[in-house]
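What TrEMBL says about this one:
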type     : residues                                       : note
ACT_SITE : T165                                           : active site, nucleophile
BINDING  : R193, V194, G195, D196, T216, G217, D218, G219 : substrate binding site
Amino acid sequence: MGIGWEVLNMTGSAIDAVVAGCTICEQEQCDGTVGYGGSPDENGETSLDALIIDGATMNMGAVGHMKRIKSASKVARFVMENTKHTLLVGDEATEFAIQMGFKETNLSTIDSMNLWKQWKTNNCQPNFWTNVSPDPKKYCGPYKSNLLRQSKLESNHVDTKNHDTIGIIAIDHDGNIAAGTSTNGAKFKIPGRVGDSPIPGSGAYAMNTFGAAVATGDGDILMRFLPSFHAVQAMKDGDHPKNAARLVINTIAKYYPDFSGAVIAVNNYGQYGAACHGFDKFPYSIANPEQNKVSILYATCTKSKS
């Protein structure tokens with residue numbers, strides 16, 4: 001967050017600030033949930049998601065399940081600025097990054113591989129399978145579909161240690177708004193899984209005329225509601241950012257009362273707010289001209305009544 005504020009103070013663009021903020025978090029492996037060396041997939045390999053949105057032009061770029069490239073946010077910016085596409089995924093996203101001059105490298109570390117080995121030793125618990133045989137709550141795969149069982153609405157295994165997507169919103173000196181995300185996704189996700197972070201309107205959304213929002217938490221649940229888009233639309237209708245974020249969280253909780261997640265919203269006047277569910281409290285950082293420093297605030301979260 002600090003580096004993004006520094007970029008804005010040096011009259012950098014909102015896009016510059018968002019990319020800089022996400023990149024430093026990727027390099028420093030924020031909480032082990034952003035960048036290389038964290039959240040291994042079910043096969044032990046780390047993969048990355050990132051999204052950059054320009055609220056002035058509504059141009060955007062994203063990568064999903066990208067492997068062997070460290071700078072996911074910078075690659076997402078190349079998708080935005082050097083292609084007519086919005087989202088590139090998998091090995092082809094890696095090939096694109098190499099073509100743009102990025103170096104291919106192993107994203108695994110000793111820590112991430114040890115985490116994966118411990119998970120395997122623990123019978124692959126927890127995992128993201130359902131309605132399969134053998135019983136995924138007791139055994140590792142490979143699995144086969146169990147067509148006789150009916151699926152029910154369930155939330156995933158998300159807590160304060162494995163939910164973090166870095167989500168950044170910036171408003172620059174020209175009043176342009178940008179938003180972005182970066183993450184290495186859910187721990188032990190099924191290979192090929194893309195979460196909410198690189199999905200426009202889910203992980204992040206921005207429009208100069210109204211504001212921007214970012215989301216974090218149980219991505220598989222969040223993306224079903226396009227929470228960032230929903231929050232921006234609520235601000236369009238006149239809601240204060242805090243009320244917009246709360247509206248979105250309450251909507252999701254009606255369907256998934258046990259889900260964990262948070263939404264941060266900022267309108268085009270610089271007003272801000274956050275709402276959360278499933279955690280005790282949710283920390284987020286704010287910097288603006290009034291205080292000219294980065295401050296950490298906390299939103300108190302709602303919980304399931306069950």
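Placement of Cβ uses the backbone N, Cα and C atoms for every residue, glycine included.
Just so you know, TrEMBL annotations are computer predictions that nobody has curated.
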Quiz item: Just the number: how many Å between the Cα atoms of T216 (substrate binding site) and the residue listed as 'active site, nucleophile'?
Solution: 5
Quiz item: Relative to the Cβ of G219 (substrate binding site), which residues of the same chain, six or more apart in sequence, are found under 8 Å away?
Solution: T165, T183, G185, A186, G195, D196, S197, S202, G203
Self-check item: Fewest-neighbour residue among binding-site residues, criterion Cβ within 10 Å, set D196, D218
Solution: D218
Quiz item: Which one of these binding-site residues has the most other Cβ atoms within 10 Å of its own Cβ: G195, G217?
Solution: G217
